[in-house]
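Below are the structure tokens for one structure; questions will follow.
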Amino acid sequence: MCQCPLGTLPGSFPPCPGLANSPECACGRSHFTCAVSALGECTCIPAQWQCDGDNDCGDHSDEDGCMLPTCSPLDFHCDNGKCIRRSWVCDGDNDCEDDSDEQDCPPRECEEDEFPCQNGYCIRSLWHCDGDNDCGDNSDEQCDMRKCSDKEFRCSDGSCIAEHWYCDGDTDCKDGSDEESCPSAVPAPPCNLEEFQCAYGRCILDIYHCDGDDDCGDWSDESDCSSHQPCRSGEFMCDSGLCINAGWRCDGDADCDDQSDERNCTTSMCTAEQFRCRSGRCVRLSWRCDGEDDCADNSDEENCENTGSPQCASDQFLCWNGRCIGQRKLCNGVNDCGDNSDESPQQNCRPRTGEENCNVNNGGCAQKCQMVRGVVQCTCHTGYRLTEDGHMCQDVNECAEEGYCSQGCTNSEGAFQCWCEAGYELRPDRRSCKALGPEPVLLFANRIDIRQVLPHRSEYTLLLNNLENAIALDFHHRRELVFWSDVTLDRILRANLNGSNVEEVVSTGLESPGGLAVDWVHDKLYWTDSGTSRIEVANLDGAHRKVLLWQNLEKPRAIALHPMEGTIYWTDWGNTPRIEASSMDGSGRRIIADTHLFWPNGLTIDYAGHRMYWVDAKHHVIERANLDGSHRKAVISQGLPHPFAITVFEDSLYWTDWHTKSINSANKFTGKNQEIIRNKLHFPMDIHTLHPQRQPAGKNRCGDNNGGCTHLCLPSGQNYTCACPTGFRKISSHACAQSLDKFLLFARRMDIRRISFDTEDLSDDVIPLADVRSAVALDWDSRDDHVYWTDVSTDTISRAKWDGTGQEVVVDTSLESPAGLAIDWVTNKLYWTDAGTDRIEVANTDGSMRTVLIWENLDRPRDIVVEPMGGYMYWTDWGASPKIERAGMDASGRQVIISSNLTWPNGLAIDYGSQRLYWADAGMKTIEFACLDGSKRKVLIGSQLPHPFGLTLYGERIYWTDWQTKSIQSADRLTGLDRETLQENLENLMDIHVFHRRRPPVSTPCARENGGCSHLCLRSPNPSGFSCTCPTGINLMPDGKTCSPGMNSFLIFARRIDIRMVSLDIPYFADVVVPINITMKNTIAIGVDPQEGKVYWSDSTLHSISRANLDGSQHEDIITTGLQTTDGLAVDAIGRKVYWTDTGTNRIEVGNLDGSMRKVLVWQNLDSPRAIVLYHEMGRHTLVSPVQHPYGLTLLDSYIYWTDWQTRSIHRADKGTGSNRWLSGGCAPSGHDSHKNPGWVSKLMRLSSPGFNKCGSRNGGCSHLCLPRPSGFSCACPTGIQLKRDGKTCDPSPETYLLFSSRGSIRRISLDTSDHTDVHIPVPELNNVISLDYDSVDGKVYYTDVFLDVIRRADLNGSNMETVIGRGLKTTDGLAVDWVARNLYWTDTGRNTIEASRLDGSCRKVLINNSLDEPRAIARDPGKKGLMKNWGHIAKIERANLDGSERKVLINTDLGWPNGLTLDYDTRRIYWVDAHLDRIESADLNGKLRQALVSHVSHPFALTQVLAQERAPRSEILSQTRHSSALPLGTNACGVNNGGCTHLCFARASDFVCACPDEPDDRPCSLVPGLVPPAPRATSLSERSPVLPNTLPTTLRSSTTRTRTSLEEVEGRCSEKDAQLGLCAHSNEAVPAAPGEGLHISYVIGGLLSILLILVVIAALMLYRHKKSKLTDPGMGNLTYSNPSYRTSTQEVKIEAIPKPAMYNQLCYKKEGGSDHNYTKEKIKIVEGICLLSGDDAEWDDLKQLRSSRGGLLRDHVCMKTDTVSIQASSGSLDDTETEQLLQEEQSECSSVHTAATPERRGSLPDTGWKHERKLSSESQV
């Protein structure tokens, strides 16, 4: 054979230009041209080698299309030339490997539980449409598209995602269709002050900014940081703050996210086992010249030598000259190689006789023989291969070929059989295994959420969202739990697999928990922490936590468990990357792999295949090995930018990649069939396959009784081990100690930890405490097992049991920097230093009876220790003159003991045995000791102490913490030698102590009856041994043991979040918090009542005024409504009143001390009133100047005191001259920013005689308020109520007033008084009130709350609140009360219905539910019809009868957003406001005679009218108006005995109908009205407003004058004729009441006489009406509409008004003449949703002067941007003179009040040049 080198032809060895790139090669005539190889090589073979059955080309191209040799009669000839056993044909297995043995087979009968494939296979029915191609021809996956639920969005590819993922900025659909056609992106909301905003908008806590951890997920929280947390040794820190292996620096691979590890590189840093690419990247040396471009620049494939020895195919022979020939040409007697290497003597060929023939002895062949060109060729049956002698056949071991079977394989002679593990079943191909059970789900962490995806269908669902930084993940299938770790919160959490019941499992002691694994057999949780370099274990609830492995661990990452074998596997990507394993109890640790590893990330175990798989993010490879590390092999080595986590299921691998933000899959044997499952993810992290076969059943070695272990039972091989939680010693083989005897206690700012001395591992364990932010000082008390600590961030001193239980704050006020702490275990006292206030204080251990011991000559005191045996305390001072001092524990005998050679004296410790004092100096970098009096000073350790801080002694050792080395060290306490490091790599180390139970007992006089002291008994030096002391601010009485009952003279001031007192009885200046057990937000103003010993204060954030006793007891809120910014407050201790100013409402008000009888005193000409006093002397002159920022002011004796915001302190000066200025010594806490404590209001409190009360004992004869004046007193009424003519008595309520709702309140504005101040009606539980109406009969207000979806009612005083309708509502926008028929009507825009019921909510019935599109306002004429408004696509105003019949569209043109709707019962007209067209219009009741009343109204909402009664005696008007609220006094047929109806009665224009509720009650319902009694008794309305019997409508009498028969009798004796007439109807259809049949003649005569009488009355009324201008029946209506924002109570409708010239702020006064003389003039006042209408000049008298002012109606109650959404009016009047006066004088500041100029207006208005801005096109824009 002639074979040419690459690019040459036979006989032409020099290269042929361009041939290598030619798609074809040309060989000579006597040669056959093989197919061009993938590398462009051409191969020529002799022509006779074609179709000889031998693979001479190496790619079978010389044998393609040839007539293949005939198989034996016992075999089947496959289409691909393969011969198989004929018995294998049509057996359901693809034996030919081209499926030709399974074609044209008779259809196989599938079982009932099987699905027939189109290719004839049968599979399980459960496998049909499971997303897996089980048939092989995909016929089992030809399924209809799954329907998405109502809460899902369908992607274009048919998959379903959560509905709220649509247009959320994340591509959740695989095709991205969920982010197409989305509105413009909404900017991310700003983060809170205590949060940091990541680059992509997410908010994290600010404390995580620049902490060295990637909390944002994109390192944006670690950028632009001036300083970073340093990385460990052997690590390189990227510019972004990320720490990577130092060996990755300048290796050509960008491992830092900002590529900073590859900058400024000069020399190669590749290892000897690596090849350096041209780009500088390092790749494996074995990848050099392997034909693959691993460098990405092809430099690893350049300059590769052509050896001339091409790789031959498996069925070819490699000649010595490098040529490849067919295997059958070996030893055929022909020199096919050309160098005779294929024949003897080079090959051991059997001599040929020349007489060989297949007919003789089968040609010497063991199995098959065939003659080829006269030469015998032996072949073998399927399952065998030819041996080297060319005649014998040997069995092929298919099981040796990896991946030939999916799981198990059994080889037999000439055959093999695949089998599956338990829980799996062979697929129809008889080689691969399918897991039994549900469809597999990929569960993966996505940092901000945890999601699920179906691998075969890409179905995508959310499991948990709103997470911080979820990294590691695992699940417990049997218990249906999912566990995950959060590296931002440093927590491990769990939830149910449905996303519910989220709870913390491990919340302390975690730094970077990057790996998580669940032992589903023994119910244990394992995790790795690369921050603490540990592997830990605990129960599933986090209990009995134990550090399992801690030695020789650097950065453990991924972890996987094999509970059936009792083994843990983990990866470690520290300086020595490796994969290790051990038993699950930590024993038997061994290395699985430690070579060719850089960044081993994900790790998973194939339990069925008995292999492990891992990913290496640095080598960009996925590898596998047996569980012992053998047979390691790379599965995928290309296309892996940054693999992170991996899982395996069946024959597929699934992994996440950080770089591509995707989930990918591939075949686990070959790495082929790579596929992207999901991409464009947020940040995919850990991944697992959620399926029961991923957690197969195994033997629980611990059994049902936890193996008899008291705590942890951990599997170990085939046995188990009992283990104890970290720090607890084992007292037997199965039991652990229940407590710790001795342990090292140390603070680490964010946590407090302990290291047990009871065990040998010395692992630190975090004490589970809450809200530890910056712990500094520590101490302990073994008697009650308490640990005490100070926190300089929260400025508190707290304590808890040593196990973290019973945590409580003992001191939380007047602390600024508590840096030292000491426990006197003898007298149970707590001592501490405060470097901020420069004090040393003491209190009981529970924080009670606190007092200041030393306050003078202290300059930043730091640590403190006590020595109860001698009665001394010692402390260090960091100030300008560093020193160590001591004094008695009662502050006596103070003296400096060390003052030289000190810089930063830190920790102190006392050796009670040798009477020595030890201290650490961070400036001198030494640890020294001296005698307790300061003598015999000596340096113990003077080297290698960079920054010692905490110090303690125990036994023969001294222990200390060091900030710079981040370690805890110890040494011999006498010599300083034998130094050891207990822990290292611990940031922020602070104080340190050893907890033990052997403190020496000391006898003290305080132990007996507290030493006779009334309060504090303190140890002191001998000879006294003790002394008595009083709490702060209280003096000790002359007996030396008893304290005064309280402070005599003191200042009291507010500090926003608390109220404090400063005693002036003591020589030092210290504030004491008034212990009021509430949360204050912004307490500004305070006042005191010395008579009752109470303090009053206002909170401008809570909008309340409260009071309490000076000891903090009896707290109560006295005023909680109608306040905005109460900056000034004064208590009249004599007159028993409280006064206050409000800068928000610009008012000054007064009320009783309990908040009752509240009255507005001043509301005009005020601009931000603040301070208020009740009496002051005249005359003014400057006392003190300059002052920086004075705020509060008070007087005491001859001094004036004031607070200052800038100095945050209290000042004092002489009140007469301003001299003798004095500054308080740090009473004001400065531990917070100034903007958090901007200032105080101080008040004087001195118990003295209150003075004379001018109002006397009988309240001055006043019925309500008695207010003193300089010359006496005056009586006054609460706001809105007029004082009677007697000058002393008040009415109980206003005569005329408006009712309106403002979302969270219902308010009343009286029209009787000139202030027009709104008064809150104290109705409880108001959330989002939209519409309301008023029932004048019972005096109740009805309202809708769209937050709670209820309709409620209450009395006008706020009492008796009850729910009328509490279910079946969505958005009730309109509400109307029929005060005559006692019915309630409402619209529901959510359900598009109009409903009615009785006023108590019973007999509920839907009146209209078709052709409605967002019905909004509703109004009713009790006598006739109802009106409603639709807000849908076509806005309209409609009318219908009160039963919903005779529905008619009145107006449907030129409407935008019709809102307010009301009826004028007198003029028979309707009025409405249009919020889109910004105008008010009216029309008659038929929709005709439409006219615009006012234009350019800024978003009007609600509308009502005020109509006055005709002039009458004043008493009648008061009575009538107050009780009826000016509602029409007419009635209808349903007003008497409910019209005889059993349930609902609806009046119509000429008759009435009875109706039944939609849901029947326990009463029988009849549609037939009963008889009216001869002397009918009217309803309560009739009692209040009598109506003559002969004034009843004719329809009422005709429908009620029937034979007196009960409803039961009528229904019981129903005839066929009655049924035809509708008299026996039992349905809910309303039927009109028809006259009875067969009436007695007497009734007929009576009826005729009644009609005649009615005609006479009508004539008289018409005559009377002609003479009088009007006799009105004023009505009232209400309107609501649903702004897009009011459905959620947290949003408010904010309508910015357009500024108008002053002329538009006047009252609009419009006169129009009407032809019917029924309404001649309209006066309209619009106040952001309030419109008052009147019909006549003479009917405005009671309205008085409606003047706008800064404190009046226009600004305070409407223009304050409150959402006024509904209003009701009562009557009032205003004459023309007063109206004209308003027009001339008033200039309102409310920008919502506009005036439309009309031709009828007197005079002309000037041209202002004002142009209306573009109108908003939709309500959502508003």
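Quick reminder: no glycine exception, Cβ is built from N, Cα and C everywhere.
These numbers come from a predicted model, not from an experiment.
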In TrEMBL's disulfide listing, C135 is paired with one of C117, C122, C143, C148. Which one?
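TrEMBL annotates a disulfide bond between C135 and C117.
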What residue among C191, C210, C216 is stated in TrEMBL to be the disulfide partner of C203?
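Answer per the record: C191.
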Between C173, C182, C216, work out which one TrEMBL annotates as bonded to C198 by a disulfide.
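That would be C216, the partner TrEMBL lists for C198.
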Nearest to C122 (disulfide bond) in three-dimensional space, by Cα, is which of the disulfide-bonded residues C83, C105, C135, C319, C337?
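Closest by Cα: C135.
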Among the disulfide-bonded residues C78, C167, C191, C295, C304, which residue has the fewest other Cβ atoms within 10 Å of its own Cβ?
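Counting other Cβ atoms within 10 Å of each of the disulfide-bonded residues C78, C167, C191, C295, C304 gives the minimum at C304.
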Within a 10 Å radius of its Cβ, which of these disulfide-bonded residues (C90, C182, C319) has the fewest neighbouring Cβ atoms?
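Across C90, C182, C319, these disulfide-bonded residues, the one with fewest Cβ atoms within 10 Å is C182.
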Go through C83, C110, C337, our disulfide-bonded residues, and report the one whose Cβ sees the most other Cβ atoms within 10 Å.
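The residue with the densest Cβ neighbourhood is C337.
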Around the Cβ of C122 (disulfide bond), how many other Cβ atoms lie within 10 Å? Please give the count over every shown protein chain.
17
Could you tell me the mean pLDDT the prediction assigns to the repeat 'LDL-receptor class B' (1339-1381)?
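Summing pLDDT over the repeat 'LDL-receptor class B' (1339-1381) and dividing by its length gives 90.
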Expressed to the nearest Å, what is the distance separating C96 (disulfide bond) and C270 (disulfide bond) at their Cα atoms?
49
In Å, rounded, how far does the Cα of C78 (disulfide bond) sit from the Cα of C90 (disulfide bond)?
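C78 (disulfide bond) to C90 (disulfide bond), Cα-Cα distance: 12 Å.
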Please report, as numbers and ranges, the same-chain residues at least 6 past the borders of the repeat 'LDL-receptor class B' (828-870) whose CB is under 8 Å from any CB of it.
777, 781, 786, 788, 790, 797, 799, 809-811, 814-822, 876-881, 887, 889-891, 894, 905-910, 912, 917, 932, 991, 1000, 1002, 1004, 1015-1016, 1018-1019, 1021-1022, 1029-1032, 1068, 1070, 1225-1226, 1229-1231
For C203 (disulfide bond), list the number of other Cβ atoms lying within 10 Å of its Cβ atom.
17
Of all the disulfide-bonded residues given, namely C191, C289, C295, which is spatially nearest to C105 (disulfide bond) at the Cα level?
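Nearest in space to C105 (disulfide bond), counting only the disulfide-bonded residues, is C289.
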Taking helix as H, G and I and strand as E and B in DSSP, count the residues of the domain 'EGF-like' (418-433) in helix, strand and coil.
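Its residues divide into 0 helix, 6 strand, 10 coil.
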Hey, which bits of the same chain come close to the repeat 'LDL-receptor class B' (523-565), Cβ under 8 Å, at least six residues off its ends?
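For the repeat 'LDL-receptor class B' (523-565), the list is 472, 476, 479, 481, 483, 485, 492, 494, 504-507, 509-517, 571-576, 582, 584-586, 589, 600-605, 607, 612, 614, 627, 645, 696, 698-699, 711-712, 714-715, 717, 723-726, 761, 763, 765, 985.
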When secondary structure is assigned with DSSP, how many helix, strand and coil residues does the repeat 'LDL-receptor class B' (480-522) contain?
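Helix (H, G, I), strand (E, B), coil: 0 helix, 21 strand, 22 coil.
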Are there any residues in the same chain, six or more apart in sequence, whose C-beta is under 8 angstroms from the C-beta of C117 (disulfide bond), and if so which?
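In sequence order, I123, D134, C135, G136, D137, S139, D140, P428 meet the Cβ cut-off.
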Can you grab the distance from C277 (disulfide bond) over to C270 (disulfide bond)? Cα atoms, rounded to a whole Å.
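Approximately 10 Å lies between the Cα of C277 (disulfide bond) and that of C270 (disulfide bond).
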